[in-house]
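This report concerns only the one structure given below.
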Amino acid sequence: MAFVTTAEVCDANQELIRSGQLRALQPIFQIYGRRQIFSGPVVTVKVFEDNGLIRQFIEEKGNGRVLVVDGGGSQRCAILGGNPVVQAQNNGWAGIVVNGCIRDVDEINGCDIGVRALASHPIKASKKGLGEQRVPVNIAGTRICDGEWLYADTDGILVSQIELSV
């Protein structure tokens, strides 16, 4: 899809919004990284205060995908830091959305990747590799499934069951 704002996507797709095929995430995310606008097919990971699975995905080629991490909204530690974000950038991920905290904000803000997270926190997560991958996640009341499409800009984040064109 050529760049069209999320607001324009919503305006042009009212029927998809009414049917639930196009959903907007609640405006709870902070914007990090140099790429403020990003989109791509979704890969989901569900973890809690552990980033082992996140790191496994980031080591793969991203091919323009968006990693959606449901960290349970925890604000007790950061489940993503600068090194993995640099690796995600280098491996071709379009963006990462974290329902939780990140750290190394200055380093992340220098990366050419889009990152959304609830906040920053200096304490790092464990690395046990606990969690689930490629499962439906629920972030602030919005269900997101592996393989859906995510569109993010400075107005917000949209999730669609199908790839959109306006």
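Numbering starts at 1 and runs along the chain as displayed.
Quick reminder: no glycine exception, Cβ is built from N, Cα and C everywhere.
Positions annotated as N-acetylalanine by Swiss-Prot, on the basis of a large-scale study or a structure entry: Ala2.
Annotation comment: Swiss-Prot describes Gly81, Gly82, Asn83, Pro84, Arg103 as substrate binding site, evidence class similarity to another entry. Summarising the environment of Pro84 (substrate binding site), the number of other Cβ atoms within 10 Å of its Cβ, over all protein chains shown, is 21.
Just so you know, the Cβ of Asp104 (divalent metal cation binding site) picks up 21 other Cβ atoms within 10 Å once every protein chain is counted. What Swiss-Prot lists as divalent metal cation binding site is Asp104, and the listing cites similarity to another entry.
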Nearest of the binding-site residues (Gly82, Asn83, Pro84) to Asp104 (divalent metal cation binding site), judged by Cα-Cα distance: Gly82
Other C-beta atoms that fall within 10 angstroms of the C-beta of Asn83 (substrate binding site): 12
Annotated substrate contacts Gly81, Gly82, Asn83, Pro84, Arg103, maximal Cα-Cα distance (Å, integer): 11
8 Å Cβ shell about Gly81, Gly82, Asn83, Pro84, Arg103 centroid, substrate site members excluded: Ala78, Leu80, Val85, Val86, Ile102, Asp104, Glu107, Ile108
